Structures are given as structure tokens and as C-alpha cells.
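Notes for the one structure printed next.
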Amino acid sequence: MNSLVRASKQALQNAARSYASRGAGGERDVVPRKVAILGAAGGIGQPLSLLMKMSPHVTNLALYDIAGTPGVAADVSHMNTIAKVKGFAGEDQLHEALEGSDVVIIPAGVPRKPGMTRDDLFKINASIVQGLIKACGEACPKALLNIISNPVNSTVPIAAETLKAMGVYDPKRLFGVTTLDLVRARTFYADAIGVDVNSVDVPVVGGHAGTTILPLFSQARHQGQAQKELSAEEIDALTKRTQDGGTEVVQAKAGKGSATLSMAYAGALFADSCLRGLNGTAQTSEYSMVQSEVTSCPFFASKVRLGPSGAEEILGLGELNELEQKGLDVAIAELTASVEKGVKFAKDGSL
Ligand SMILES: NC(=O)C1=CN([C@@H]2O[C@H](COP(=O)(O)OP(=O)(O)OC[C@H]3O[C@@H](n4cnc5c(N)ncnc54)[C@H](O)[C@@H]3O)[C@@H](O)[C@H]2O)C=CC1
Ligand SMILES: O=C([O-])CC(=O)C(=O)O
């Protein structure tokens, strides 16, 4: 069972328990953990706020945006789960929102419209992410930072350089959220071979844009009897669909933004794993874009073991087939260029 399903069941159980014992005093053995969401009034931010309010690991939830957060906070604060919720609006309140945070999730910034690439968002989102990361470096330098804002392939290196310049960079605490690529690969693969999606595991490595997203179907695992063996053409189609998953949603939304609900789900899964790692839960791992020596590219998404100090171990890629190896070469070239673009922006502001 994945952690969010478990978390949702736990939240519902907690809710039922507290409902049944209103006034009984409700003692609970929970590690106090504060999570801040920056961009909490947005398309991702709102459902993500809902899901983090349901997490059994969150005791304090700070919802920050340039506007609109008092309403979102008032709304989710009525849910009878353990997290205390507070809304913060406008830059004056940013530091207060961040202080004491264990995990900061950042889905702030503009989304794509049809015809745009994620890199087309760089001009606007680079500065937004840099500003927010500076505030994190000042107010909560030890927090685990979960970057959702696109282009992730550049915003993560921007964050790293910004924190470095402030003297507070810890590579173990900075994560680009690529979980949605894994969520999609699992869904598409389980559908294609006809097995229970909860039994499926598909590694997805590289970055988070087009051909930098590299699903490794040769390493896919599942339980139960598959209804179907996939041909090379079918694997190729699944690879392309995973790489273009974001565009599929952008086109379907026809100008009204990109993935928000599935992203909120993926973001909550990832943040929940970060919290479980912080709490010392054994065997907590996720795929994420981190500073890495797994390939020649200085930032790369692969499997990461999460623990009390963040990314405690970065695992290798395992064995790739010939096609995947070719895909890896393509991914590294494009990802390296996006990383360099981010580093350059952070150093000299060039767009
Ligand atoms: N990593 C991933 O897998 C995915 C990333 N994304 C990215 O997430 C970002 C957000 O997407 P949506 O929520 O759909 O956009 P949205 O436009 O619905 O929401 C963005 C929110 O950010 C806020 N914001 C803008 N500047 C801010 C600032 N300086 N401080 C705090 N908040 C600020 C806006 O007020 C808005 O509420 C986009 O860049 C999108 O491309 C989207 C889907 C998947
Ligand atoms: O495609 C986009 O612009 C949003 C995104 O990153 C995704 O859905 O994977």
C-alpha cells in the first residue's frame, strides 16, 4: 500500500476516533512537524494543502501565497485532523510562515499553456523560486526543500546556487519533485499489462521535462499474473506517454493550466516520505532530482534513501538496456544544459 493511501486511511481513522471521543482529551504519540506550502492558493497548492492536512505526520501547516491564503487556510482548518493550520499572505508574512519548518513545499509560479515548454516558464519562475529560496535560507535553513515549480531541471540548480551564496547549502536537503513521473509510469504500465497498480514499481530517472524523463521499463516490477507481455513498440509508446504526460494534461486543459490534482497527490506522497525519513522510519525512499554523482550531470533524479538528515544515500541506476542507455545519453545532454542555465541565472541574473 502506498504511503498516501496509508496516510489517508490513517487520517480517516484519526478523524473517526476524535469524532467518537470528542472531549475525551485525545492524547497521541506524534512527532511535532511543521510543513510550509509556498504557492498554497494555486491550482496545485490548494489540493496539496488539503492532502497535507490529512497527513498523520503534520502537526503544523503554514499556507503561504501572495494572496488568497486566508480563505484556503480557513477552509482546510475545519478538517478534524491533527495539523493546526495558518494562512500567510504577502511578502511581509513569508518569514513567519517559514520559521520552524521541517519541510517546505514550493509549487509557486506560473504553469504552462498549450504550445509552451516547461523551459518557457523560466523567465518568470526563476526569479519567483530564487526569492522564495532566499527566504528559506534565512528563516529555515535546515528545512527539507521540495521544489515543484517548473522548469524543475533549472529551478533546483537555481535553489542550490542561491543557498550556496548564502552559505547555507546542504545538498541533502534540496529536492526536485519528480514523483509525478513515477506516478504516471506506474499507472500507464499497470493499465498496459493488466495488473493491480498498487503492485507496480517502475523506476523513472533523469530530470523533469520531455526526453530528460527516463522511465526504465526494463526494471519494472509487479506482483500477480500480467495479462499481457509488452512488445518493444508498446514499451516505446509507454516511454513517450510518460515523457509527454504533462503535455497530455496541458492540452486537455486547453489553456486552463497544467496538472494540479495528480501533482498535488504526487507532491503529498513525496513530502510525506520526507517527513517519515525525518522521523527515522526505516526503508523510506523516493525518486527525486538531487545533487548527484550518479552521472556526469551535477543534478539528476534517481532513487534516494530518506532519513533524519534528508537524502542520506543516492542509489545508482542499475542495469539499462541498449535503448535506455541511448535515452540516458540524450537526457544527460539536455539536463546538463538546463542545469547550466539555472546556475548562470543564479550567478549573474541572465535569463
Ligand atoms: N514538478 C512537477 O511535476 C510539476 C510542476 N508544476 C509546476 O508547478 C507550478 C505551479 O502550478 P499551478 O499550481 O498549476 O499554478 P497556479 O498558477 O495555479 O498557482 C501558482 C500559485 O503560485 C503563486 N505565486 C506566484 N508567485 C508567488 C510568490 N512569489 N510567492 C508565493 N506564491 C506565488 C500564485 O499566486 C498562485 O497561487 C508551475 O510552475 C507548474 O509548471 C506543475 C505540475 C507538475
Ligand atoms: O507539464 C507541465 O507543465 C506540468 C508538469 O510538470 C507535469 O505535469 O509534469
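Yeah, the Cβs are placed from backbone N, Cα and C, and that goes for glycine too.
Residues or ranges marked as domain 'Lactate/malate dehydrogenase N-terminal' by TrEMBL: 34-176.
A 10 Å cutoff on Cβ-Cβ distances gives ASN125 (NAD(+) binding site) a total of 22 other Cβ atoms nearby, all chains included. Per TrEMBL, the feature NAD(+) binding site maps to GLY39, ALA40, ALA41, GLY42, GLY43, ILE44, GLY45, ASP65, ASN125, ILE148, SER149, ASN150, MET263.
On its own chain, ARG118 (substrate binding site) has ARG112, ASN150, PRO151, VAL152, ASN153, HIS208, ALA209, GLY210, GLY246 as residues at least 6 apart in sequence with a Cβ closer than 8 Å to its own Cβ. Residues annotated as substrate binding site in TrEMBL: ARG112, ARG118, ASN150, ARG184.
According to TrEMBL, the domain 'Lactate/malate dehydrogenase C-terminal' annotation covers 178-345.
Under the heading active site, proton acceptor, TrEMBL lists HIS208.
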Nonlocal residues around GLY39 (NAD(+) binding site), in sequence order (Cβ under 8 Å, 6 or more apart): GLY45, TYR64, ASP65, ILE106, PRO107, ALA108, GLY109, ILE148, SER149
Spatial separation of ARG184 (substrate binding site) from MET263 (NAD(+) binding site) - C-alpha basis, Å: 10
Cβ packing number for GLY45 (NAD(+) binding site), 10 Å threshold: 27
Annotated binding-site residues GLY39, ALA41, ARG112, ARG118, ASN150, ARG184, filtered by Cβ under 6 Å to ligand 2: ARG112, ARG118, ASN150
Other C-beta atoms that fall within 10 angstroms of the C-beta of ARG112 (substrate binding site): 22
Protein Cβ atoms within 10 Å of HIS208 (active site, proton acceptor), excluding its own: 27
